[in-house]
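Here TrEMBL flags 2-122 as domain 'MTTase N-terminal'. Per TrEMBL, the feature [4Fe-4S] cluster 1 binding site maps to C11, C47, C85. Among the features that TrEMBL reports, domain 'Radical SAM core' is placed at 148-383. Annotation source TrEMBL lists [4Fe-4S] cluster 2 binding site at C162, C166, C169. Sequence annotations record features per position, and here TrEMBL assigns domain 'TRAM' to 383-445.
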Amino acid sequence: MKKVFVKSYGCQMNVYDAERMADMLTTEGYAETKAMEEADLVILNTCHIREKAAEKVYSELGRVRELKKERQTHGQETKIVVAGCVAQAEGKEILRRAPAVDVVVGPQNYHNLPELLRKARSERVVDTEFPIEDKFDHLPKPSKAMIRNRGVSSFLTIQEGCDKFCTFCVVPYTRGAEVSRSVSKIVDEALRLADAGVRELTLIGQNVNAYHGEGPDGSIWSLGKLLHRLAEIPGIARLRYTTSHPRDMDDELIAAHRDLPALMPYLHLPVQSGSNRILDEMNRKHTGDEYRRLIERIRKAQANLALSSDFIVGFPGETDAEFEDTMRLVADVGFASSFSFKYSPRPGTPAAEMGLQVPEAVKAERLARLQNLLETQRQAFNRGTVGQTLDVLLEKPGRHPGQMAGKSPYLQAVQIETDCHHIGDIVTVRITQAGSNSLFGEVVKPGNQAAA
Ligand code: SAM
Ligand code: SF4
């Protein structure tokens with residue numbers, strides 16, 4: 001049997017796509033391996049969101065090329081595929097910069113991989129056209145055993161692409177226009193996942209709350225309505241969704257946070273900046289105060305919300321005072337966890353052409369201050385859960401024998417002293433201690449069992 005190694009960079013969407021590629025290649029006679037050295041096929045599923053992410057691919061390709069040479073000396077062939085957003089953005093340029101690469105395939109075309117690999121026996125190939133057909137219709141369904149292997153929490157893509165065109169972002173160019181999958185296709189996939197033992201679904205999309213898929217009755221369903229339908233599936237105990245845009249948090253979705261016990265009290269809602277002028281330059285189409293008011297409304301619906309965000313510091317022209325607006329917004333709103341980045345100019349985006357790029361040292365200093373504040377808030381949030389009883393979904397064995405590891409409703413990692421429960425069980429835990437990356441707790445009630 002031939003072996004395939006897939007390495008994924010960047011967002012959850014890429015994790016999901018990497019799994020779909022692996023599913024598809026199993027039907028082509030490949031088995032997945034975790035060791036690149038023994039792979040007959042190496043796939044790098046790349047990310048183009050920041051310069052560093054894109055450059056990582058080229059340095060990894062250097063390493064893979066050495067491996068290919070080494071295997072060649074033993075008479076073994078290795079095919080190299082570059083997939084994902086760097087493939088989409090750079091296309092043929094990858095073949096020029098990295099002569100060892102055999103196939104370049106964009107994120108909307110990976111269902112063509114078997115055909116591309118056949119072609120690659122005689123020539124190097126690039127496939128980055130945006131196709132008319134839906135790639136999901138061409139992907140094979142993973143077996144129960146493969147789903148089980150991946151655990152009790154699963155991603156499910158419901159929406160792809162983005163029409164928002166934030167001026168810093170490459171996503172609309174690499175992932176294409178916004179498209180929602182139909183409710184029936186999503187429900188079918190969710191039923192299959194539940195049947196294989198999945199307990200938690202995280203619905204994903206570049207702009208997931210802009211979801212507007214065709215319902216079984218022919219009408220257009222919003223994300224709020226879709227969540228209600230998915231919550232009815234037996235076995236599915238937890239629902240999450242990511243990543244959302246503040247402009248698309250509609251009343252139905254906010255109400256779902258109040259009415260749907262399966263919808264976890266966690267929300268990743270990127271604000272990017274606290275300065276109205278910078279938000280306008282970013283084309284985010286909301287102000288800092290509109291974001292504050294939105295969070296107030298969501299917290300009215302779900303008082304225990306753990307809020308998370310992305311931030312960019314050093315956007316072109318950002319002044320000290322405008323950066324302070326971001327610090328103020330963070331202090332006002334309070335975040336349970338966050339991701340923050342130095343602005344990275346991306347070729348072809350409007351912001352990369354703007355004057356007054358902020359010096360690297362200033363970006364670094366602002367990022368350090370912001371991360372300091374965000375980390376203080378994260379730790380305070382985690383300490384605040386000590387003494388509480390929380391439901392924990394058990395996902396894997398813990399760090400030490402006799403321990404299990406799982407996630408709280410707020411997406412915190414929790415380590416529990418227990419060996420009498422199963423992966424997939426949801427147990428009620430009293431949190432006893434907050435470490436820097438995990439909480440620790442003891443089971444007070446066995447709770448909701450996974451199906452045998
Ligand atoms: N759709 C999401 C939204 O609207 O917030 C974001 C998706 S993007 C894949 C993830 C994060 O990467 C963004 O929220 C932003 O903070 C960051 N990002 C995107 N482009 C960037 C750039 N050019 N430089 C630095 N960070 C960037
Ligand atoms: Fe990028 Fe998100 Fe803006 Fe779309 S909404 S352009 S994915 S940052």
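The backbone N, Cα and C atoms fix where each Cβ goes, and this holds for glycine too.
Any TrEMBL annotation is an automated prediction that lacks curation.
Cβ neighbour count for C85 ([4Fe-4S] cluster 1 binding site): 27 (other Cβ atoms within 10 Å of its Cβ, all protein chains included). The closest partner of C47 ([4Fe-4S] cluster 1 binding site) among the binding-site residues, by CA position, is C169; the full candidate set was C162, C166, C169. Distance noted between the C-alpha atoms of C169 ([4Fe-4S] cluster 2 binding site) and C85 ([4Fe-4S] cluster 1 binding site) is 12 Å. On the backbone, the CA of C11 ([4Fe-4S] cluster 1 binding site) and the CA of C162 ([4Fe-4S] cluster 2 binding site) stand 14 Å apart. DSSP gives C11 ([4Fe-4S] cluster 1 binding site) a coil state; it is part of no helix or strand. Cβ atoms within 8 Å of the centroid of the Cβ atoms of C162, C166, C169 (the [4Fe-4S] cluster 2 site) belong to the same-chain residues K164, F165, F168, V170, V171, P172, Q206, site residues excluded. In the three-state DSSP reading, C169 ([4Fe-4S] cluster 2 binding site) counts as coil. Contact annotation for binding-site residues (C11, C47, C85, C169) versus ligand 1: C11, C169, each with CB under 6 Å from a ligand atom. Note: the CA-CA distance between C162 ([4Fe-4S] cluster 2 binding site) and C85 ([4Fe-4S] cluster 1 binding site) rounds to 13 Å. A Cβ distance below 6 Å to any atom of ligand 2 is met, among the binding-site residues C11, C47, C85, C162, C166, C169, by C162, C166, C169.
The distance from the Cα of C166 ([4Fe-4S] cluster 2 binding site) to the Cα of C85 ([4Fe-4S] cluster 1 binding site) comes to 17 Å. Around the Cβ of C166 ([4Fe-4S] cluster 2 binding site), 22 further Cβ atoms fall within 10 Å across all displayed protein chains.
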